[in-house]
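Participant: Before anything else, here's the structure in question.
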Amino acid sequence: MAFQLPDLPYSHDALAGKGMSKETLEYHHDKHHNAYVTNGNKAIEGTEWEGKSLEEIIKGTYDPKAVAQNGIFNNISQLWNHNQFWEMMSPDDSTMPSELEKAITDSFGSVDKFKDEFKAAGAGQFGSGWAWLVKDTDGGLKVTKTENGVNPVCFGQTTLLGCDVWEHSYYIDFRNARPDYLTNFLDKLVNWENVASRM
Ligand code: MN3
């Protein structure tokens with residue numbers, strides 16, 4: 001069966017009071033995410049990837065030397081990335097569960113130091129991409145940044161948190177101020193219970 005666009009886990013205006021407007025979610029989910037679903041399904045039709053899982057396709061088609069040219073990888077990885085992204089935010093106030101706080105403190109020294117590193121990764125990604133908090137193959141937590149649709153699945157890492165730093169994610173609400181968008185994301189939007197559940 002072809003991949004489907006999942007509904008948002010909240011209404012389009014649910015995050016408006018927390019810095020992500022209804023207009024952003026209408027464009028970002030209904031247009032951008034939907035285009036990755038439509039184009040991803042089209043790209044895998046009749047290929048060896050039809051019927052495989054998103055993760056299998058991502059791992060099987062990732063080629064670090066040819067990311068920009070790879071239509072199957074780009075659309076399927078972005079489909080997966082956005083499926084995760086909506087779940088990582090919440091309209092409700094969220095407190096970081098203690099086991100996550102401990103893991104972050106163990107790896108970064110403090111929650112504030114983690115946030116600074118995450119913001120620097122997102123702000124420092126030149127052009128389109130993502131900032132991530134991952135559990136690495138050695139079990140430690142790590143902040144990474146990736147270009148375009150590349151994600152932790154490509155490297156065998158566990159995805160705990162991801163922030164979309166493509167312009168379509170912040171330009172309506174924050175214009176060119178990507179660092180402010182990242183600060184707002186970490187301080188107001190993240191669903192820390194969801195992040196902890198991924199460990
Ligand atoms: Mn996006």
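Glycine residues also receive a Cβ, built from the backbone N, Cα and C atoms like all the rest.
So TrEMBL lists the following for this protein:
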- 3-90: domain 'Manganese/iron superoxide dismutase N-terminal' (DOMAIN)
- HIS28, HIS82, ASP164, HIS168: Mn(2+) binding site (BINDING)
- 98-198: domain 'Manganese/iron superoxide dismutase C-terminal' (DOMAIN)
Participant: I need the neighbours of the Mn(2+) site defined by HIS28, HIS82, ASP164, HIS168. Which other residues of that chain put their C-beta within 8 angstroms of the C-beta centroid, in sequence order?
Facilitator: HIS29, HIS32, HIS33, PHE85, TRP166, SER169
Participant: Within 10 Å of the Cβ of HIS82 (Mn(2+) binding site), how many other Cβ atoms can be counted across all chains shown?
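Facilitator: Excluding its own Cβ, HIS82 (Mn(2+) binding site) sees 23 Cβ atoms within 10 Å.
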Participant: Considering the binding-site residues HIS28, HIS168, which residue's Cβ sits among the greatest number of other Cβ atoms within 10 Å?
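Facilitator: In terms of Cβ crowding, the pick is HIS28.
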Participant: I want to verify one value. Collapsing DSSP to three states, which class is ASP164 (Mn(2+) binding site)?
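Facilitator: DSSP call for ASP164 (Mn(2+) binding site): strand.
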Participant: ASP164 (Mn(2+) binding site) has how many other Cβ neighbours within 10 Å of its own Cβ?
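Facilitator: Around the Cβ of ASP164 (Mn(2+) binding site), 23 other Cβ atoms lie within 10 Å.
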Participant: In the domain 'Manganese/iron superoxide dismutase C-terminal' (98-198), how many residues does DSSP assign to helix, to strand and to coil?
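Facilitator: Helix, strand and coil residues of the domain 'Manganese/iron superoxide dismutase C-terminal' (98-198) number 55 helix, 22 strand, 24 coil.
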